[in-house]
Amino acid sequence: MAISKSKVWISLLLALALVAAARAAEEAPAVGGDAAAAEAVLTLDADGFDEAVAKHPFMVVEFYAPWCGHCKKLAPEYEKAAQELSKHDPPIVLAKVDANDEKNKPLATKYEIQGFPTLKIFRNQGKNIQEYKGPREAEGIVEYLKKQVGPASKEIKSPEDASNLIDDKKVYIVGIFPEFSGTEFTNFMELAEKLRSDYDFGHTLHANHLPRGDAAVERPLVRLFKPFDELVVDSKDFDVTALEKFIDASSTPKVVTFDKNPDNHPYLLKFFQSSAAKAMLFLNFSTGPFESFKSVYYGAAEEFKDKEIKFLIGDIEASQGAFQYFGLKEDQVPLILVQESDSKKFLKAHVEPDQIVSWLKEYFDGKLSPFRKSEPIPEVNDEPVKVVVADNVHDFVFKSGKNVLVEFYAPWCGHCKKLAPILDEAATTLKSDEDVVIAKMDATANDVPSEFDVQGYPTLYFVTPSGKMLPYEGGRTADEIVDYIKKNKETAGQAVEKADSASADEYGRHGCL
């Protein structure tokens, strides 16, 4: 199974959380022999999976791979949580599936598992399936899942209830109603159920029970409490779609902070999962004129708040994964980067505070040239599988006049490592065929051209001299790859015939132009 690019950011951020969890595990007392022997996590496979889901009204399933480092770090925390949750009334079941096992890969496909570990919550015998978005250490897992099995929204009957439920460090959403019935209440409860894995919800008849915000309100009303920006925001639009948009927009800081503080991790996840354009300012938080940059940047976020763009400020000490992902260098900081939804990027290195707003205006006015991440073009490229980079991939793949099988890979991807010697063998077998080339691109170090839809690693495409592009769907042995290429390749003469045929078709449609 390929590893999804869309999961890369999540993996980077979870790494921070898992490091903290690993340290906590080192400091915690060891699990006793008897407890360790009786594993509380239920091990499932394709044979018994549906039966287990049907048996349990609420179950959490971890899809993992044995070689995955993050999975190994999560395992002891997940097991400790399972032992604690087995004592809950009713018991909360934690299970796991080896998604790397051939037998279980249909399950991974069915539930759209694109990276490891992925945890999913199965409710109501699998009728409602949600992503698990809680902590990755035992105590946090237990606390999060206990909330998930109760009502999606809790009634607030007194100021004491409110103080117990509304955490000053988290987003909390309260519906204030004249009565617990009607369309507005129904829509609120429907959305609470849908978003319960992301947020905590409450409902009340009395706004004066709540710790902040105007107590004299016209009901019904939704009030969102948050630990950043304005601390309270209200909405009276109970259309489900509009209410969801309000919650999404209000529950993320105007400027997300990328540092080592775990309290910021949920906002980072939302930031990088968003389809909006992203502006990112990276600098050293501990040296230089940090406050000057922060003040100007927050002002820019306010100035451009009506644009479809989100803002982040990142400390280079915590942002090494981001620098690797975007192909940035520490000697470029302070720098500002904008990434659009189609992965097009714009970069200003060594930016000064007084340049930020004017540079962003140039971006919005379409006056900036995109930045392309590329490794250097290899001076020597004599291995069986040729190396291509962003700066020469178009010339190498589309203009070489050859049939090119190109692999997009990640150096850390286990499937890619397994495929590498197989591609070498296939390339060696086809070495005497001058019409064929096998190539590879490190998709983590180079921007992938928009012509290729690379959603996971490894992804392979076969491109013919006439420009025909085929997602590779052949086998993964050297013989199967060779057979596929021989079956689908074009000779130089065939490519010319296809080009002439295409020209004739164009003439037939349009006549003389």
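Any Cβ shown, glycine's included, is placed from N, Cα and C.
Cross-referencing Cys71, Cys413 with TrEMBL gives Cys71 as the cysteine bonded to Cys68, criterion being a recorded disulfide. According to TrEMBL, the cysteine that forms a disulfide bond with Cys416, out of Cys413, Cys512, is Cys413. On the backbone, the CA of Cys416 (disulfide bond) and the CA of Cys71 (disulfide bond) stand 19 Å apart. Cys68 (disulfide bond) and Cys413 (disulfide bond) are 10 Å apart (CA-CA, integer value). Remark: of the disulfide-bonded residues Cys68, Cys416, the most isolated position is Cys68 (fewest other Cβ atoms within 10 Å of its Cβ). Cβ packing within 10 Å was compared across the disulfide-bonded residues Cys71, Cys413, and the lowest neighbour count falls to Cys413.
Under DSSP, the residues of the domain 'Thioredoxin' (16-150) split into helix, strand and coil as follows: 65 helix, 26 strand, 44 coil.
Averaged over the domain 'Thioredoxin' (16-150), the predicted model reaches a pLDDT of 84.
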